[in-house]
Amino acid sequence: MSKKNNLLVAASGTGGHIFPALAVSKEVEDEWNIHWLGVRQRLDANFIPKKYNLRTLNIKTPRKNIFLFYQYIEILISTFQIIRILKEKKINLVFTTGGYISAPTIVASKLLRIPIIIHESNVIPGMVTKYFGFLCNYVLLGFKKTNSYLKNCKTIFTGTPLREQFYKFNFLPEWVPKGRGPLLIVMGGSQGAKAINQILYESLEFLIKKQFRIVHIIGESNQQPFHVKNSKNYIQKKFTNEIAALIQNCDLVISRSGAGTINELIEAEKPSILIPYPDSKNNHQEKNALILAESGGSVLINQNKISKEVFEETLERIFKIKSKKGKNHYEILDLMKKNMENNNKIKSNNEIKKFINYFLKEF
């Protein structure tokens, strides 16, 4: 048996960085020894399997202005730490998905002449891709539109890798509320979304009265549980590993619009109400949401426009019953479903595996 080469996966922070990297790691783990580099006090340790040899560095949250002198000093210190790790683990290739850890990892790898692949999931590239992408051998894109923002990079459209369960059908978990009412999945990403949680709490009485069934994923942040009378149709969880099953089997998703969520909705062909995170860098969540809103598969509501009244009116419009040939159906929801079916799907995991394994020929 030939000796495996060593792949360093640098991904940290939110699920939007971690989950695509996990999907790729699982896809290539038979050909590579996986070593994972993350940041202390982030979500990393909760999600990274022990077999991926997680190492963490103490990297602070980047300031808004990437050109601040002391921020470069922090990157420089981290770069030397990563150089030591790259040498120690005899890394042959680096794959990163952005986040705090990516910039010093790219610089360190370039100094050691180790090939680098970065994946950019968002329509608008993040700061690391924008300012350090030209140092990478390839910049893999989740959306074709992103190419126009990266003129000095070698870009290839691959789509965004998803967790394997999204590529197969999953049955609805037993703990989901039973009944005939429409099933809503409400979530705010891996860290939660206070604004989405709040608007749902305000509208719970309306939702229960209308016989909606609700699964509410509040996120890993310190959200207080919310209790409501007669809540058999409402279930709240901080996190679930069964998110693919929930999205595949629900009627509508209400969520932020991170790149991972957008691609999960495309794969599941699921209609949605998207409420972009207003403070995302370069307003990238709104640009992501527009991909689905412009196709007619989603309703986009900016956070500064959302209210109890707007939220409830939007749901009433989507779930307004129309009669056709003696049968009742949700005309708007059905149209949104049809529009979601028209979005192009690509199994990105396989595409990215091809590029990673291409480098095996070089060693």
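Every residue gets a Cβ built from N, Cα and C, even glycine.
For reference, Swiss-Prot has these:
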- Thr14, Gly15, Gly16, Asn122, Arg163, Ser190, Gln285: UDP-N-acetyl-alpha-D-glucosamine binding site (BINDING)
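Sorting the binding-site residues Gly15, Gly16 by the number of other Cβ atoms within 10 Å puts Gly16 first. The binding-site residues examined here are Thr14, Asn122, Gln285; by Cβ neighbour count within 10 Å, the least packed of them is Thr14. Around the Cβ of Arg163 (UDP-N-acetyl-alpha-D-glucosamine binding site), the number of neighbouring Cβ atoms within 10 Å comes to 18. DSSP assigns Gly16 (UDP-N-acetyl-alpha-D-glucosamine binding site) to a helical segment in the three-state reduction.
In the three-state DSSP scheme, Arg163 (UDP-N-acetyl-alpha-D-glucosamine binding site) falls into the coil class.
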